[in-house]
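A.B. asks: Would you mind keeping the following structure in view while I ask a few things?
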Amino acid sequence: SQVSFEEESQNPPAVGHWKPLMPSKGDKEEPEGGCQDAGDVHEPQSTEQLNVSRLRSSSVEIREKGSEFLRDELHKAQKELKLKDKECERLSKVREQLEQELEELTASLFEEAHKMVREANTKQAAAEKQLREARGKIDMLQAEVTALKTLVITSTPSSPNRELHPQLQSPSKAGFRKGHGRNKSTSSAMVSAASQSVAPEPVSRECKEVDSILFAEFQAWKESPTLDKSCSFLDRIYREDVGPCLDFTKQELSELVRVAVEQNTLTIEPVASQTVPVGKVAAEECGGPKKCALSGLPRTCKHRIMLGDSGSYYYISPSCRARITAVCNFFTYIRYIQQGLVRQDVELMYWEVMRLRREMSLAKLGFYPSEM
């Protein structure tokens, strides 16, 4: 304290400047701070410059690293784009290939469809040709069946039909025939029967006129042929022809015969020298060679009938056989029409039906050929 006092005495203060003896805490720190600032005035500047240089170097480094990272990402993106382009190119090639295959498949399908259509048309034409040939054969077979039917019905071993067998005719009758008389085989007899069946009958030389009512009924039935007797065409024929023709004295047996004729299960055969099989119904109940089972009258019975598979035989007279045969011929013809086996004009079929009705009318009146 004494040293400081001496220094102060040697350096007196300037005029007008008051310096307190006991400076305050704030006054004491102020000169210390000033001295420190005066001593370290260059130190903050160098630190700041150092910080700035560090910042600059770090920013440059960051920029370089960022640019390098971006370059890497760019390379990766370019590689991915190249891969995508290759994938797109591959997919486009696949699409073009699929489109080409689809076009080829479509063309092949159309070609196959046209081929199938051509084959179907060819098969249809062949089938139509076969159908026409089959219809012609059916007509021919129908004529042969008619001839055989006529031969069987009108010619039997016990009473042969001399018209169908010229070799059986007497010389006087044979002389009136045109051509040379000679023996013929069975096939020639069948051909002769066929020619006679298709040849015009005496009724063709008569005057004919179509009945408008009957023809209209037949045309309506021909549009949708059926064996149902409720239609007007068959109802009239049942009432006027079939019913009276099959109306015999034995009513129960007559009804059985009618049902068998409608169901096409009736069999007629000549008796000749045959006898009733053992175990069948007695001859008195079914008639006999000298008694008709349908009329009950004593008649010479050359034929017998069997109804279905009953096994019972009934002897019938020539008149009853003619009546049953006439009805069977009518039903056979309309069945042929129903099955589409008759290929004729409607008017020709109508006149054939009228001819069969006339045969039923004559048979029910008692007229029958002498060969029966």
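Note that Cβ sites are derived from N, Cα and C of the backbone, with glycine treated the same way.
Per TrEMBL, the feature region 'Disordered' maps to 1-58, 156-197. Feature annotation from TrEMBL assigns compositional bias 'Polar residues' to 46-58, 156-172. Here TrEMBL flags 63-149 as domain 'GDP/GTP exchange factor Sec2 N-terminal'. Sequence annotations record features per position, and here TrEMBL assigns coiled coil to 67-151. According to TrEMBL, the compositional bias 'Low complexity' annotation covers 185-197.
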A.B. asks: With a Cβ cut-off under 8 Å, give me the same-chain residues at least six positions beyond the ends of the compositional bias 'Polar residues' (46-58) that come close to it.
C.D. replies: none
A.B. asks: If you average per-residue pLDDT over the coiled coil (67-151), what number do you get?
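C.D. replies: Taking every residue in the coiled coil (67-151) and averaging pLDDT yields 88.
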A.B. asks: Tell me the residue counts in helix, strand and coil for the domain 'GDP/GTP exchange factor Sec2 N-terminal' (63-149), as DSSP assigns them.
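C.D. replies: Taking each residue of the domain 'GDP/GTP exchange factor Sec2 N-terminal' (63-149) in turn, the totals are 87 helix, 0 strand, 0 coil.
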